[in-house]
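Copied from TrEMBL, the annotated features are:
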BINDING   K270  ATP binding site
COMPBIAS  9-20  compositional bias 'Low complexity'
DOMAIN    27-334  domain 'Glutamyl/glutaminyl-tRNA synthetase class Ib catalytic'
DOMAIN    350-489  domain 'Aminoacyl-tRNA synthetase class I anticodon-binding'
REGION    1-20  region 'Disordered'
MOTIF     33-43  motif ''HIGH' region'
MOTIF     267-271  motif ''KMSKS' region'
Amino acid sequence: MASQTDTVSAGSGTASASASPTPAARVVTRFAPSPTGFLHIGGARTALFNWLFARHHGGTYLLRIEDTDRARSTDAAIEAIFDGLNWLGLGGDAEPVFQFARSDRHAQVAHQLLDAGHAYRCYLTQEELAARRAKAQEERRPFRLESEWRDADPATWPADKPYVIRVKAPREGETVIEDVVQGAITVQNVEIDDYVILRGDGTPTYMLAVVVDDHDMGVTHVIRGDDHINNAFRQLVIIRAMNAIEGGWPDPIYGHIPLIHGADGAKLSKRHGALGVDAYRDEMGLLPEAVFNYLLRLGWGHGDEEIISRDQAVEWFDIANVNKGASRFDLKKLLNLNGHYLREADDARLVDLVAPRLDALVPAHDRAKLAEAMPVLKVRAADLNELAKGAVFLFAQRPLALDEKAQGLLTADARAILAKVITRLEGANDWTAATLEANLKQMAEELGVGLGKIAQPLRASLTGQATSPGIFDVLVLLGKEESLARLRDHAA
Ligand code: GLU
């Protein structure tokens, strides 16, 4: 766990709004999840863009766990977040910072702001605030806090009454953010409220903590979901006040990335596949490189390239090319990519990933056989579950249980053909795919039937299913003895 003094020195010192810093300027990005739930797909993409941006510019990518909401933050969520990030290869470049452990430092900054007149003690009670809010609602006007304490002389601050510390937001002019994704965004300063930075019990608010941590971690580029755009304007109030007080608090460069929507355009929810990253790995059986590639393409592109390696992504990534509009989550595309990466994956690695899934399907399986079959199995699967299912026939006990489709294939005619195949293959000496293929093709010709008339009943009786790897590969993988025994179980 990071200690309170665990900080990184301040950033480049420039407040330039350029997406591409000068080579001399050091880039520091961060991913700052709140550990109130699993690492969802949107969070993973935010992490990915921060990681890529830092890598592309030879900078540093940091993690910060925003655990200030003590009631909702859990250790299990923290574990799940690290676990998901590590699986995707998006662990931070330094020890993660834990926000709650830095509360004293946050409070210190609140007091600096107070002492310099950029914040004030506000003694309005909850009841007074509620009454003002109710009145605004009654009069059908938006509620805007106008605290009479904003300009009160500190000499009049009561010593014995509870208060909060509010930041003094500017009232005149406007604030412009040159967002590297969204473009220029302008807000009138009267829209920005005097929000609380230190609560009555002396604890810092989230808004203060984020700003102080970003500064102390030397964060130069804040890349996060566009649901934080309003926060950026509010956070800049503290940043600019601190810069006025002590210097060295440049505006960060902001990049607010759009949310991910479901394929139907609605906000992403569980039913669209908005699962924790662990579900993509464990339940759906996806490979991390497929999820990485998919997330990368979700809202960012390089021409028509679909398959993009990690190294290529680092070279090509440009935050300015992130789409402004929401991107749509497409499970089919993700599965297609996964199929591609399965075909590319190393066989031994796939054996490690598939073997535990096979335990639940066929207890008696062996890794050597699985490894031998992997080249033909992996080309047919979209995910590791399918891959495991496709391997079941290798280890199934005779007589095989046939699924419905396989049963449908084993008509009386088909069983008669099986009997002929058995006679023919009993005499086969060379049990290789090429020889078996030539042999059975010749048989089909002699019988005056298409090869499918032979292959389909063979497949049904050898695998118990209507789909499988190429039938000659199946024969070779099962070996002569086992193949013939399975065929005999179903021949007429
Ligand atoms: N902790 C915030 C969240 O999980 C992110 C805050 C930020 O990136 O500034 O949404």
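Yeah, the Cβs are placed from backbone N, Cα and C, and that goes for glycine too.
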Close approaches to the motif ''HIGH' region' (33-43) from elsewhere in its chain (Cβ under 8 angstroms; 6 or more beyond its ends): 65-67, 69, 72-74, 77-78, 80-81, 83-85, 225, 259-260, 268, 273-280, 295, 329
For the domain 'Aminoacyl-tRNA synthetase class I anticodon-binding' (350-489), residues assigned helix / strand / coil by DSSP: 102 helix, 0 strand, 38 coil
Helix, strand and coil residues within the motif ''HIGH' region' (33-43) as assigned by DSSP: 3 helix, 1 strand, 7 coil
